[in-house]
Amino acid sequence: MASYSSNGASHGSGNHASQDPSSQGVPDYNLSGVLHFLQSEWRRYEHDRNTWAIERAELRARIALLEGERRSVENLKTDLLRRIKMLELALRQERMKSVPNGTSSATPSVTNKMLERVASTSHSDDMSDSTKLSSRAATPVNNVVKLPIGVKDAKGRAKSREFLQQCLQEIAYLTSHATLNPITPTTDPTNTDSASQPPRPEFHAAPLTATTQEDTFASSQIAELRADAASAAPTKEADAAQPVNPTQPSPVPSEEVMPVSHSGDETMVQQPDQVPDVQLWHPHGSFSSHLDAVRALMYDGSGEGLFTASDDCTIKYWRMLPTATPQNDPTKPVAEPLTTLRGHEAAVTCLAYSKVHNILYSGSLDATVRQWSIPSVTPAKGETVSPCLSSVLPGTDQAVWGLALFPSHGQEDMLLVSVSASGTIHLWNTGEKEPQLLLSWDYFGTNAAPEAEEERKFVSSMPVPTSVTKCPANLRACVVSFSNGVVKLYNLSDGKELQAFKPPSGSQAQANMVVGHPTLPLVAAAHEDNCIHVYDIRENTCVLSLHAHRDSVTCLDIDPSGLTFVSGSHNGTVRFWDLMKTGDVESTSTYQAKCFQEVQAHEVHAKEGVLAVAYHPSSPLVATAGADGAVRMYG
């Protein structure tokens, strides 16, 4: 038999080849040669396929790494933008103190030092501009008495705004995708034309301006130079908070939004055309699957899922879809249902989610608190959701109105507090598989003072707790609101009352909801008398009182940055507010809230409107739920 050659063919003997010259160079194929050739090709194909799979896995890992870096850079950029806004706000407040008094220190102020520190990191052109700005701010007013104070202040604000815009442009360039990752094909969303506007509305800080009765001429000059100075001319009679609706303008009467204490010479006005930094919230879509009103909203641990609780006795788990742009149809669904949690026999009123244990807690009118096991990762599209196991916490006897989780001994979400219609506050230990009831107390708390015991004797009916929350400024206490309008702080270790806040007007209107500020020692309460009251737990006083809506205020939420908050009312409207400290030196602990937008979010059903609002923990999104059974997203 002929031998197989190196190229996969077998040749005959040399004699045969010499006898048949026409057959020279023509391979003689046989079965073994063909099989060997197929095996070698198959091995080569498998090798290429394995190489491709390894390369694909490496690229996927690199993409995940780059996406994580991009998110961290976006968070860094957002934080830098917020710091620059705070710097700009401090600069305006410093001018408010110095310019109207007609005196200016010759030494650089703290604000000027901060500006010089920012300018040292910019280009040489920006450094020259900042030097001119600092020298102008440090020059005594007596040297420029020929110019009106208003004109000089307007020019200074215009110069400082131009310099800060240059800083924003440089920061946006340094944190852009093209600079940090040149191989990434995505474009930088922040350009030089929009660098002066913050990409996230919750980090917006409204500009502050002030005037006195003697500054009429200065105010008129500022109005004439508004295009150059990009600032508003305040008027004494202007409303302290003017809401704006981009689709349906709805002005608020001047008597409707009033801070608890502010000087008549420092009344401020804010209009979108006068404040170019304002970025309004736009509808990003809605979804509805419940058969009745939606009363509670809660995001899951990853932020990609959303829980909704309804009067139809169910809880629905939604997966958030990529949000639509404002130009798209706002009625387009932005979430798809994953599963429905059934077990309650009456309306579900409240929710609380533990990121540590991946457990959802729900309270209902059926006098039960249930816990549900939730997947640690939000299921992707098309994935089957495993059944969520449910169990009932023992100890409740009447309808549950509120739930909140608290840390204990350095571990998150180890304690659960519930408030019920019986007037009782329950404390649970969630560290075990089966939560155990640790403590219960009523309106007066445990170990009440003698004065409280005397008051207990004359109380015909105990005030009912309506809401509970935690305040990051004091994680060892829980904040509870009551049906008589009082807000109290209780020690979680023994249930003893620590503080009690009453509305400054003496009203006993029910407090529907209470929320804690994420960075400041403040708690805010929404009341039935259309008001919002903000209390300082360290100063033990009310620092802000707002006549916020035309109907009862039902819900509140403060964004993670702590600069803005949102409120909902029974008239179906949602209002967005800027929270800031006033420039009044005599009342440094007083805050002001500016309503910069009002949205007609939900329809009114059975005299109920908006029932829940919730900021997204990491994205610029706000979810609202109402009596019409719909959930709407704004961004």
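Including glycine, each Cβ sits where the backbone N, Cα and C put it.
It should be emphasised that the depicted structure is a prediction, and the values quoted were computed from it without experimental measurement.
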Exercise. Which one of these stretches, 125-158, 227-260, 431-464, shows up in TrEMBL as region 'Disordered'?
Worked result: 227-260
For this session: May I ask you to check whether the repeat 'WD' (287-320) and the repeat 'WD' (610-635) make contact, with contact taken as at least three Cβ pairs under 8 Å and only pairs 6 or more apart in sequence counted?
Result: yes
Problem set entry | Other parts of the chain folded back onto the repeat 'WD' (610-635), taken as Cβ under 8 Å at six or more residues beyond its ends | 199-202, 281-288, 290-299, 303, 306, 308, 310, 323, 334-335, 554-560, 566-570, 572-574, 599, 601-604
Exercise. So, by DSSP, how many helix, strand and coil residues make up the repeat 'WD' (287-320)?
Worked result: 0 helix, 20 strand, 14 coil
Problem set entry | Same-chain residues near the repeat 'WD' (341-374), Cβ under 8 Å, at least 6 residues beyond its ends | 292, 295-301, 307, 309-317, 388-393, 396-405, 411-413, 416, 418, 420, 428, 430, 435
Seminar exercise, completed: Taking DSSP H, G, I as helix and E, B as strand, the repeat 'WD' (610-635) contains 0 helix, 15 strand, 11 coil
For this session: Count the residues of the repeat 'WD' (341-374) that DSSP assigns to helix (H, G, I), to strand (E, B) and to coil, and report the three numbers in that order.
Result: 0 helix, 20 strand, 14 coil
